[in-house]
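In what follows, a single structure is set out as structure tokens and then discussed.
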């Protein structure tokens, strides 16, 4: 009990420091800082490995958002200096995982595990869902932030026709490679802390390493699903006044692709949900 209380205290202290620091650096606005504090505190209080995956996503995506800001400003109509995120963006990129983390806590408290479906199908699927969640979130962010900086012209995922930079559903080789790399980072964030927090048998430990390539595939799959949704259910058009690709129709906007059904946050939530489900099922077969 004392160990669990100490873990909660450490989680609150770390989450407070990161939320305040992120607000000061413009990575989060006030609402995003409060939402981020809550999400981080929950993850770290339940399991350090869940917290490690969240922090790997948050820190790497925040850093990449700030790379090439001037170039991104020239093509992104919704560009914000520092990539400042609000509470909606925080929960759209971490809400499903937070629900899964709470479900894990209700079933296992803060007890760590080695992935093994023979011991528990439910726990293995929940953890797989969390891994898939952050692999997708990280993969989509890396793909977007690095893909737009590539010299390669993006192609619409549904037609493979060349489209303007910033078009929803546009993909590049660099972006897809970045998505796979981003997923593998999440896998490492899950596996490495487990070396110190959970003692597995040799065979079981070696099998846990499969999380890394699985996460890489989840990052790539999540990016592709996100792009497919963006190309079909999210509007993209070129505004002749702003000379940029925009996500809302208007009198000066010529449609490029998609329908005005989902916005960017909606696309993120659906792609994360689908990738989490696929990764959860994959974990049941692999582990």
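Using N, Cα and C of the backbone, Cβ positions are placed for all residues, glycine too.
Looking at the stretches 247-266, 267-286, the one that TrEMBL records under the feature transmembrane segment is 267-286.
Which of 154-171, 208-225 counts as transmembrane segment depends on TrEMBL, and there it is 208-225.
As stated in TrEMBL, the feature transmembrane segment covers range 174-196 out of the listed 128-150, 174-196.
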